[in-house]
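Record features (TrEMBL):
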DOMAIN    100-518  domain 'Major facilitator superfamily (MFS) profile'
TRANSMEM  21-45  transmembrane segment
TRANSMEM  150-170  transmembrane segment
TRANSMEM  177-197  transmembrane segment
TRANSMEM  203-224  transmembrane segment
TRANSMEM  236-257  transmembrane segment
TRANSMEM  263-282  transmembrane segment
TRANSMEM  349-370  transmembrane segment
TRANSMEM  376-397  transmembrane segment
TRANSMEM  404-423  transmembrane segment
TRANSMEM  464-488  transmembrane segment
TRANSMEM  494-513  transmembrane segment
Amino acid sequence: MPTLDDILEQIGEFDRFQKQTFFVLCLLSAAFTPVYVGVVFFGFIPEHHCFSPGVVELSQQCGWSPEEQLNRAVPEWGSYGPSFSSRCQRYEGDWNTTGVSCTDPLGSLVGNQSTVPLGPCQDGWVYDSPGTSLVTEFNLVCEDSWKLDLFQSCVNAGFFIGSMSIGYVADRFGRKLCLLVTVLINAVSGVLMAFAPTYTWTVIFRLIQGLVSKAGWLTGYVLIAEFVGSNYRRAVGITYQLAFTVGLLVLTALAYALPHWRWLQLAVTLPSFFFLLYYWCLPESPRWLIAQKQNDKAMDVIKRIARGNKKKLPLSFQNLSFENEDGEKPAPSFLDLVRTPQIRKHTFILMYSWFTSSVVYQGLIMHMGIASGNMYLDFLYSALVEFPAAFILILTLDRIGCRYPWAVANMMTGSACLVTALVPDSLYWLKMTAACLGRMGITMCYEIICLVNPELYPTFLRNLGVLVCSSMCDLGGIITPFLVYRLVELWHELPLVVFAVIALIDGGLVLLLPEMKGKTLPETIEDAENLHR
């Protein structure tokens, strides 16, 4: 009996209809960027110091610039910027005392500067920032600085929970319904976040966005992968992720133009309402309909694809019955991910690979500041390095498959991390070259696992398999900041050694997975079990 891939060869594997569908889903991929990394701009931490009314009055009398006010009126600067004291405490001297010197205010208050008492910031903080962020609006500094960590942790926690729950919904009730529901909830919660009156409500709406946004992004990825033929799945998958990289560039430009976080939040959220037009633009996945024994609806979608591609469906396929519609419809189950030996092996390896990709990808960004001091340039460089990684994969995967490039990318990442850790700072060019190669390698790993993960599961289990395995990516995102900042206290390069070890292990594990080059997507558990043969 012919498969859907056989039919697509007749009506177009990636023709006009699939290209239109792919384009509108790429817009969804680009729009996911602000939820995933937007905290870089929403939660930007500017230089700040305690506000002191007396110091302000004195600075006006003395004609101090803001920098002079900071240097003269707060505790001494540390070797790495303002110390904790200068950010969170202030001198308790009487700045309105007659005779306070403009050139040496502390010396005129007390002969010995070290005896000037320090006190808490009772009147708030002064921020050196042209715009606003969560930090400046809700004063998320000093004893409340942990609240910014909580804000980002809630997003990753939402990703983790949503991966488990919404993956089941997409496999049980359909890709299209799941996509529309997640788009609506994400858009509404994003707008509400822009108008949230308190920090607590901001965190709540951010958590809701996390619950649905990543699941919607992955559902869109699975949907387009099920519309195209096997010869185009990988190129489509890489380009879908490249749209996310384009979203990084757009987000950087918007953040530069809109330095106020509420306006930025509205600007990146309001376009999401246009994705509700998917109700009329996108059909349901024909592979999912076939797996659910809804053969008549599947044939309607196939005919719609043929009309969109201006192709005629062969007569031998027009009345095709894929399976017995009276048969039992397979329902996705978490146990299906570990019940059979091959799928169980795939699940555990993919979970580790997702975890590794997340920890190393985010960890390298945290550890290596490119053009430090300018967050817009940092973000821009981080985005640009992903383009050559995508082009390399487009040129190689269709020729030699995914497994060996995936292993090589992991090995390159691990080796580059070791070189970066062991090369002395005096060889700066070599250290930076290795760091960039490591970032490129882990970007390739990220893109390959997004391609391979859906290919190793049968249709009725595919969305659940992708979302459950990728939930380890969210777990990695939660622990990475603690991993980096705690290990760096022991040795500055120790996180890079850890990244190298887990990446090299992953490079060996991925060789145990089957190669999917030229193979059709598995439709049943039996198909998935036989992929290694």
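Note that Cβ sites are derived from N, Cα and C of the backbone, with glycine treated the same way.
Remember, TrEMBL labels are computer predictions, not curated facts.
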(message) Under 8 Å for C-beta pairs, could you tell me which stretch among 150-170, 236-257, 404-423 has the largest tally with the transmembrane segment (203-224)?
(response) 150-170
(message) Using a Cβ cut-off under 8 Å, which residues of the same chain at least 6 positions beyond either end of the transmembrane segment (349-370) come close to it?
(response) 377-378, 381-382, 410, 413, 417, 420, 435, 438-439, 442-443, 445-446, 449, 452-453, 456, 468-477, 479-481, 483-485, 488, 495-496, 499, 502-503, 505-506, 509-510, 512-513
(message) Checking distant contacts: for the transmembrane segment (263-282), what same-chain residues at least six beyond its ends satisfy Cβ-Cβ under 8 A?
(response) 20-21, 24-25, 27-28, 31, 34, 38, 41-42, 176, 179-180, 183-184, 186-187, 190-191, 193-194, 223, 251, 254-255
(request) Quickly jot the same-chain residues contacting the transmembrane segment (494-513) by Cβ under 8 Å, restricted to those at least six beyond its ends, or write none. (result) 345-346, 349-350, 352-353, 356, 359-360, 363-364, 367, 403-404, 406-411, 413-415, 417-418, 420-421, 438, 441-442, 445, 452, 456, 483-484, 487-488
